[in-house]
Amino acid sequence: MTTTPIVLLVLLSALMHATWNAFLHASPDRLWQVGMMAVPQLLTAIVGIAVLPIPPVEVWPLIVLSACAQVAYTAALIRAYRVGEFGQIYPIARGISPLLISGAALLLAGELPRWIAVVGIACICTGILTLALRGRRLSGDSVPAALLTGVFIAAYTIVDGFGIRLTNSSGGNGFAYIAWAYLLASVPLVGAVWTWRGGWRGMFLAPRRRVTQALGAGVVAQCAYGMVVFALQFLPMGAVSALRESSAIFAVLLGWLFMQEKLNARRLVACSLVVGGAVLIKLGA
């Protein structure tokens, strides 16, 4: 199979990821939105655990830790989108995570970054600082909130990396690990909205357009992830991860097109530095 269709598939996945985040940012009720988005994830997880073997006992602490990190990430994301612009929050949150993952690899595994990764780290730091500045002042709570979101992205990415490797090395199925992590992460989100809205009727007691949009965003998120998993069968992991970083560019464009956010040279250059730095880190891994 030629690589061009796979590359285009990954780029489409990046656009879809930025799109569901844009829907979340634009939602007037983000807690309800993430709860509804988690419904398709919950259903997917239930199907997965029904047909896949139970993961080995030694990976269960990592499954629980991954689910906790995903719930914390969701809470941090809601907070970040409440205090900052989409075109600022998304690139920072997505861009800082490869830097943190490289730092964790150095601390936990003693993996020294190659020179190309060091250049990437410098690009990300410069880009984030540029995105954070408005004139000469840091832009309030939005940058710390975006950075915290990136910390949790890095956390569940690192945990899942170890968890899937341990699952496979123990004779288990990596998709079973993912299914159980999804189940444990989606139940609190759906449960919180279910309790807050007084059951399923209350959850779905909203304009049909909003319900359809929220559930559709959840399906889009699932499809975007599935596209990446499919692409990993044909392209190296580093290449897929690097291509996915283009989602930050899509986020800036979506913020400009649909949210009337500013699109100036400073923001474009800063976003390009973050994306380019993330790509260099992935290629230098």
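FYI, residue positions are counted from 1 along the chain as it appears here.
Cβ from N, Cα, C; glycine included.
Listed features, source TrEMBL:
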DOMAIN    145-281  domain 'EamA'
TRANSMEM  6-24  transmembrane segment
TRANSMEM  92-109  transmembrane segment
TRANSMEM  115-133  transmembrane segment
TRANSMEM  145-163  transmembrane segment
TRANSMEM  175-194  transmembrane segment
TRANSMEM  214-235  transmembrane segment
TRANSMEM  241-259  transmembrane segment
Residues from the same chain, set at least six apart from the ends of the transmembrane segment (214-235), whose C-beta lies under 8 A from its own: 1, 3, 6-7, 9-10, 12-14, 16-17, 19-20, 23-24, 27, 32-33, 36-41, 44, 244
Touch test for the transmembrane segment (241-259) and the transmembrane segment (145-163), at least 3 Cβ pairs under 8 Å: no
Whether the transmembrane segment (145-163) meets the transmembrane segment (92-109): three or more C-beta pairs under 8 angstroms: yes
Averaged pLDDT, computed only over the residues in the domain 'EamA' (145-281): 86
